[in-house]
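Here is the structure we will look at, set down as structure tokens.
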Amino acid sequence: MAIRVYNTLTKQKEEFRPLREGEVRMYVCGPTVYDYTHLGHARTYIAFDVIRRYLEHRGYTVLMVMNFTDIDDKIIRRANETGEDPKELAEKFLRYFLEDMKALKVKPADIYPRVTEHIQDIIDFVRKLQEKGYAYEGNDGVYFEVRKFKDYGKLSGIKLEELVKGARVEPGEGKKNPEDFALWKKAKPGEPKWESPWGEGRPGWHIECSTMSTKYLGESFDIHGGGNDLIFPHHENEIAQSEACTGHEWVRYWLHTGFVMVSGEKMSKSLGNFVTIRELLQKYSPEVIRFFVLQKHYRSPLDYTEEGIQHAKNNLERLYNTLENIRVAMEKADVAFRWDEEEFELYETVREARKKFYDAMDDDFNTAEALKAVFEVSNAVNRYLTKVEKPKESVLRKALEFFKIVSEVFGLFEDYFKEQKAGDEEALIELLVSVRAELRKQRNFTLADKIRDELKALGIQLEDTPQGTIWKRISV
């Protein structure tokens, strides 16, 4: 089954066909760094992390770009409130954001472009729009003339006449029409500013993403993502700028995450009903937060309650208990000289669940449905282990392989599998030490020394003592 994604642009699910065979280029709108990351933000980044992981699991090479807006009205306001330098304030919260994402096991983007490091690129982009007749200079900045872009509203469904109705140009604004938006803002006293053809100033919000995504992913790329709240005006304006500049389709698939809700309202800083990732991590493990998010499809609203996240914690513990049951059983499991009905029953459950997992993820990355398949395997494993006196290692390994796929795609159980891998490595090292000891007894020192030297090159140092050979890890 081919991967199908819901495209906000076409309002339907479509077969996923990237522009370049075997490669996916994706851009996710990053944070404006003026405060701590809350669960509403993290929901989006966890969702796109899983989308990226799944695409990579399916064999695609993914080039992922996520920006940082490190100069903006919100940053300037917060800096004025706290008395901090806007640059230092943005740098501080940028670092906090990266720390939070690392804690949540969100894989780093390949490129994290910052607005303040791409000012000249933004100026060049605005000049192109001006040259093509889509932008004009007003007394307080440079504006995009929305009426000149005939496809305006194609993402959000907003009609131009709806924007114009009841709107007006405020006194002192330099725009021609109320719907026009700023590409470049002329400097105000005390604000950060850069030289430009229009005098000192700073970029508008929407132009930043158009510029940086195009710079690193090209004039057309596969996926642009963000939260539902960015569809209008941010993403609508991005399309207008980018397609006005290039003259062709900019992004093939637009993906948007649903809101995190608290008592029926969107979690947001403006309402003050948010919980930061740092607060959550004081009470719950990173995997509990990931699991809580993945219990819902990424486009659906996600209701945040203490009971809900505790329920996620309990469900995750059930799966960890199953993995531990597998580990213990495999230590004493028999080699399979035959399979009986119980082995075939577990095998069939794992096989069918694996198909359900892939079908769910192929269907617009439906993590909620995929998790149902995971619990089917969990329940089947525990039933099997209560039924049989001597479990078979080979059928348990089938279940474990399925859990490894889930781990790779969902970013769960990673510590468990690291421990398993470490245990396997140690067993292999012990085997090589034993083989080397036998070679030394046979006075085959050439081959014994080769094992010692090869292990050292891999970071394992052997020391021969009167009590036998011991080994330890070293840096290489």
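Each Cβ is built from the backbone N, Cα and C atoms, and glycine gets one as well.
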(message) For the feature motif ''KMSKS' region' as recorded in Swiss-Prot, pick the matching range from 266-270, 321-325, 331-335, 461-465.
(response) 266-270
(request) Would you mind telling me which of 31-41, 152-162, 240-250, 339-349 Swiss-Prot tags as motif ''HIGH' region'? (result) 31-41
(message) In the three-state scheme derived from DSSP, which category covers Lys269 (ATP binding site)?
(response) coil
(message) Cβ within 8 Å of the Zn(2+) site centroid (Cys29, Cys209, His234, Glu238 excluded): which residues?
(response) Trp205, His206, Glu208, Ser210, His224, Gly226, Leu230, His235, Asn237
(request) Measuring CB to CB from His234 (Zn(2+) binding site), give everything in the same chain under 8 Å that is also at least six residues away in sequence. (result) Cys29, Trp205, His206, Cys209, Gly226
(request) Sorry to bug you, but what's the C-alpha spacing from Glu238 (Zn(2+) binding site) to Lys269 (ATP binding site), rounded to the closest Å? (result) 24
(message) Quick check on the binding-site residues Cys29, Cys209: which one has the highest count of other Cβ atoms within 10 Å of its Cβ?
(response) Cys209
